[in-house]
Each structure stands twice: as C-alpha cells, then as structure tokens.
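Written out below as structure tokens is the structure these notes cover.
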Amino acid sequence: MGLQTTKWPGRGAFILKFWLIISLGLYLQVSKLLACPSVCRCDRNFVYCNERSLTSVPLGIPEGVTVLYLHNNQINNAGFPAELHNVQSVHTVYLYGNQLDEFPMNLPKNVRVLHLQENNIQTISRAALAQLLKLEELHLDDNSISTVGVEDGAFREAISLKLLFLSKNHLSSVPVGLPVDLQELRVDENRIAVISDMAFQNLTSLERLIVDGNLLTNKGIAEGTFSHLTKLKEFSIVRNSLSHPPPDLPGTHLIRLYLQDNQINHIPLTAFANLRKLERLDISNNQLRMLTQGVFDHLSNLKQLTARNNPWFCDCSIKWVTEWLKYIPSSLNVRGFMCQGPEQVRGMAVRELNMNLLSCPTTTPGLPVFTPAPSTVSPTTQSPTLSVPSPSRGSVPPAPTPSKLPTIPDWDGRERVTPPISERIQLSIHFVNDTSIQVSWLSLFTVMAYKLTWVKMGHSLVGGIVQERIVSGEKQHLSLVNLEPRSTYRICLVPLDAFNYRTVEDTICSEATTHASYLNNGSNTASSHEQTTSHSMGSPFLLAGLIGGAVIFVLVVLLSVFCWHMHKKGRYTSQKWKYNRGRRKDDYCEAGTKKDNSILEMTETSFQIVSLNNDQLLKGDFRLQPIYTPNGGINYTDCHIPNNMRYCNSSVPDLEHCHT
C-alpha cells in the first residue's frame with residue numbers, strides 16, 4: 001500500500017496570493033478614506049471648505065465624511081459635481097452664504113440636515129427634493145422664495161422632512177402640499193396675507209407653528225384652518241393685524257399661545273374655551289380696553305398671562321378682573337394689567353383698584369362733586385340759608401363714611417375738603433372745636449399704612465415742631481387734639497407701602513386754621529382787629545419782607561455817610577494844595593551851583609496872582625517865606641532841612657540857616 005504525499009508549496013502559494021489581494025483592497029480603501037481635497041482641511045469626519053472663495057464643490061470628497069462645511073463661498077448652482085451625490089456618509093451640509101438662485105441638485109443622497117439660508121434661492125423644484133429622501137431638517141431662511149417659485153407638491157417629495165424653516169422670504173401664502181410628518185414650520189417675516197383651509201389639512205404631526213411678522217387679518221384666515229393641527233403645542237401669530245384671536249384653535253395639546261403686537265380689540269367669550277392645557281398666554285401690545293367676563297374661566301392649567309401695553313379702561317366693566325386677580329392661585333403669574341384710563345387711575349394696577357370709587361353708570365353711584373376751597377380756613381359771614389350750631393368742646397366727632405366724603409359747606413369754614421392731588425387720595429378736615437381737628441381720608445388704591453404729620457405755622461419761616469402718627473391702612477380718620485386756638489396748622493398725609501406709587505407723588509397736604517378760643521368771644525372789635533393784625537404780621541413772607549427792607553435801609557444809610565465823609569475830606573485836602581513842581585534836595589544843596597527850581601522868585605515890587613492848572617500841581621508841603629538878603633533885598637525860599645543853603649538875589653551863597 002503506497003503512502004500519499006501533499007504538495008504544500010502549491011497550497012501555500014494560493015493562501016499567500018489570497019492575503020495579498022485582501023491587503024491590497026484594504027489599503028486602497030484606507031487610502032481612499034484618508035484622501036482630502038487640497039483646498040480643504042479634513043479633521044476626522046469633518047471637511048472644512050468654508051470661506052475659501054470657492055465657486056464649486058471640490059472634487060475628491062472622501063467616503064466616511066459626515067459633516068461638510070461649504071458656507072460663505074461663491075458657489076453657484078453649476079458647481080455641484082455628480083459624484084457628490086454618491087458620497088453616502090455625509091449627513092450634514094452647510095451651504096449658507098453662497099450664490100445659489102435655485103435649490104441645488106446632486107447633493108449627497110443621505111443628507112439629513114441641510115443649511116441653505118442667506119442665498120438668493122428663488123425656485124424650488126420637485127426633482128431637487130426628490131433626491132433627498134432622508135432629509136429631516138431644511139433651512140431656507142433669508143432667501144427670495146415666493147409662492148409661485150415653489151413647484152406644487154415640491155416639499156412633499158421630501159418624505160422624511162420634519163423641520164422646515166422659510167423665514168424672511170417673499171411668500172404671500174403658506175405653501176400647499178407640505179410633508180405629512182412635518183413637526184415644525186416657520187414662515188415668519190414673509191408677506192403672507194392668506195392661509196387657505198388646505199394649507200395644514202394633513203399636518204397632523206405639526207407641533208410648532210410660527211407665522212410672526214406677516215400681513216394676516218382675520219378675513220385672510222379661512223374658517224377651520226387650524227382645527228386640523230391636533231398635535232400643535234406652540235402657536236405664535238405675533239406682529240400681524242388680527243382684530244381678535246383666530247377661531248377654532250386646537251386645544252388638545254396647545255401649551256403656548258402668543259398673540260402680542262396685533263390690533264386685537266376684543267376677545268370672544270369662547271376664544272379660549274377649548275384650551276384647557278394652555279400654560280402660557282401673551283396678549284400684550286394690542287388695543288384691549290376691556291375683557292368679557294369669564295374669558296379665562298376655562299384656562300385651568302394657565303401658568304403665565306401677560307397683558308402689557310393695552311389701553312385698559314378701569315371702569316365698572318373691569319371690576320370682575322380685579323376680583324379675579326385677587327383670588328387666582330399662586331402658581332399663576334399675571335403681568336401687565338395697568339389702568340390707562342380714566343385719568344384719575346392712570347398707571348394704577350388693576351389688582352389694587354378700590355372699586356367703590358369708580359363711576360358706574362347703572363349700578364354704582366358716582367362720586368360727589370367737590371368744590372375747590374382755599375388753602376386756609378378763615379371765618380366768613382354766615383349764610384342766611386343755613387343754620388349750623390356751634391360745636392362744643394366736649395362733642396365727639398362723628399365717624400366718616402368710607403364710601404362718601406363730606407361736602408363743602410358755604411358757611412364759616414367749619415368743614416372743608418381739600419381737592420386731592422390727581423384725585424388718588426381725598427382728604428377732608430372737620431373742625432370739632434377750637435383745639436381739635438378731625439382728619440378723614442379716602443384712597444383709590446390699597447395702602448398698608450398712612451403717616452399723618454402736622455406742624456404749627458408760626459412767625460418762623462420753618463414752622464414749629466413736626467408731629468406725626470402712623471395709622472394702619474384700614475383706618476380712615478384721625479383726631480388731632482391739644483391744638484392751639486386760632487393757629488394755622490399744615491397737615492400732610494403720606495401713604496406707606498403703596499403697591500404702585502412712590503410716596504412723594506401721592507403725598508397730599510393742606511392748611512387749616514383753628515377757631516378762636518370760646519373764652520374770648522366777648523372781646524371788642526378793636527381787640528379782634530389787633531389779633532388779626534398780629535396774625536397777619538406773623539406771616540412768614542411779610543416777616544421776610546420786613547427783614548429785607550431793614551437790611552437795605554441800613555446799607556443805604558452807611559453808604560450815604562461814607563460818601564459825605566469822603567466829600568468833606570476832599571474839600572479839606574484841596575484847600576491845602578500849594579505850588580510845587582517836584583523839588584529835589586540836590587537842586588540847591590551844592591553851594592549855589594544849581595538853582596532850586598522849586599523856589600518862586602519875585603524880584604519886582606508888585607506881582608499878580610495867576611491861576612495855575614490843577615493838573616500840574618503835585619502833592620507836597622509848600623510855604624511862602626520872606627528872605628532878607630545882606631543887600632537889603634527880600635527873597636523867598638522853601639526850607640526843608642536845617643542845613644540847606646539858600647540862594648539869594650545877589651548870587652552870594654549864605655551858609656546860615658534859613659530864617660524869616
């Protein structure tokens with residue numbers, strides 16, 4: 001029996017060839033993956049070809065790349081090679097900021113996110129979108145897409161599309177034939193004036209719809225347009241021209257509704273009836289003056305309501321809103337209900353309104369009419385048609401009625417109401433007797449506490465010592481006792497912790513003068529006249545005038561005395577002036593070698609006095625003295641120092657002292 005042998009060298013060669021082929025294939029695949037266009041930069045699965053002034057997509061995009069950056073170039077529609085469509089690994093492409101005027105062809109077939117914003121795209125064809133069966137997110141913001149530029153049913157070709165952004169284009173209506181699986185649609189900042197009832201008919205998966213900044217009116221929205229959006233969670237129709245909220249809003253899942261910046265002037269009672277899951281509602285910047293009672297009753301899940309910048313008119317029609325705001329749960333945040341009218345409640349929060357003071361034509365009586373009164377009360381002649389008994393010292397002041405202020409009498413100033421500042425706080429003063437005043441007030445808004453201050457106005461410009469009392473907000477009157485008879489008091493009421501106002505704005509002050517003491521009622525007319533004169537002299541302004549006049553009078557007297565003194569001194573000085581031309585001692589102290597120019601010589605027996613110009617005279621001490629010379633002549637000299645030499649008519653120097 002023979003032994004079989006195997007030829008191992010032939011079998012080994014086959015195995016070696018097999019491994020060489022596999023290695024070569026792997027090498028080719030790896031080298032293909034590692035390839036990168038020369039004008040781009042590759043980093044793992046990212047290829048960066050952005051901002052390189054490219055006019056076309058570079059060739060040689062390697063397989064395995066997932067994100068392709070081609071934005072901010074100059075790529076046009078002719079710059080997409082056919083081989084780009086076969087790169088299967090790319091799922092995100094950035095092509096914004098280029099020069100495309102049509103939706104591009106030959107994009108990677110498996111792309112899921114495509115950014116084409118900030119181009120000049122005007123048309124969208126069905127063929128271009130039919131190549132992108134896996135496209136889920138499409139950004140076409142800030143282009144030139146019009147309604148006629150979109151081919152019918154073009155977006156329906158992208159069967160996987162879920163997010164479509166068409167903001168800042170030229171659409172005049174919502175494109176018809178959108179993908180049924182679309183979840184978010186943005187068509188804001190367009191020119192949409194019409195939405196047909198077919199626009200959202202099959203969009204049963206749409207959750208977010210933004211149509212802000214268009215030309216929509218209630219007439220341009222077909223009836224039942226939004227009723228098909230059964231899964232809608234957020235709806236924003238801001239900056240349009242609606243006069244009331246769109247009807248038939250889907251309430252099954254709607255959570256956020258934004259209606260601000262429209263022309264809404266009324267809200268029907270059933271506008272929000274089905275929105276039981278609504279959590280956020282914004283009706284700011286509209287023309288709402290009032291709300292129908294019960295319009296928010298069905299919003300049981302509401303968390304935030306914003307109503308800023310509406311011309312809310314706070315009359316009886318808004319009373320239910322005030323009550324509703326006081327009893328809403330703490331989980332609900334309401335902002336913006338501020339009164340814009342009437343004038344006396346402008347700027348006040350609706351929540352803080354005191355409805356007892358608002359005028360209601362049918363149910364609530366109006367406020368009494370107040371006649372302006374002078375700032376201080378002074379006794380006047382009693383009216384013949386009214387008879388009021390004199391108040392006694394021990395009488396008890398009646399409690400004021402909260403909803404009505406006392407009227408102003410026409411008699412001797414026993415009772416008066418100060419016209420309120422902007423009618424937010426109304427202050428009245430009732431004179432009980434000569435040492436007691438009762439102050440009553442009524443506020444249009446809720447106040448935690450009041451500070452009542454009073455000070456006696458005396459001869460001093462700053463008044464007397466200021467006294468004050470803190471009163472709780474529930475109290476509406478206070479009696480001031482132990483006052484001085486026939487004295488003027490300044491009374492101020494300051495609301496504290498007011499919700500809407502600063503203290504300075506709502507402070508109201510008044511002045512009142514207490515009656516004269518009843519013990520002095522029998523005084524004669526002269527004493528009354530003296531008291532009146534004394535009281536008027538104590539006026540701060542009169543006192544200031546007297547002081548100022550006295551100061552001016554003293555200054556005038558001092559100025560007159562000073563002028564008289566200077567005038568007298570000037571006359572006395574002018575009488576002493578004598579002729580002098582400015583002498584120098586050296587002129588005649590050199591043994592007669594130089595003649596003294598300050599000596600007036602008279603050699604004749606007679607002379608005539610001639611007036612000299614006063615401007616040539618200089619101040620100095622002048623004396624005229626007769627000089628007896630040795631030859632019997634008379635001369636004159638002015639001797640200033642004892643040892644001066646004299647100059648005589650005979651031209652002979654004399655060393656003797658000057659003598660008369």
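Cβ from N, Cα, C; glycine included.
In this model, the domain 'LRRCT' (310-362) carries an average pLDDT of 84. If you look up Swiss-Prot, you'll see 310-362 marked as domain 'LRRCT'.
Residues annotated as region 'Disordered' in Swiss-Prot: 371-413.
When the repeat 'LRR 5' (159-181) is classified with DSSP, helix, strand and coil residues number 0 helix, 5 strand, 18 coil. Look at Swiss-Prot and you will find 159-181 tagged as repeat 'LRR 5'.
Under the heading signal peptide, Swiss-Prot lists 1-35.
Panel annotation: around the repeat 'LRR 5' (159-181), residues 112, 117, 133-147, 150, 152-153, 187-196, 198-200, 202-205, 210-211 of the same chain, lying at least six beyond its termini, place a Cβ under 8 Å from a Cβ of the stretch.
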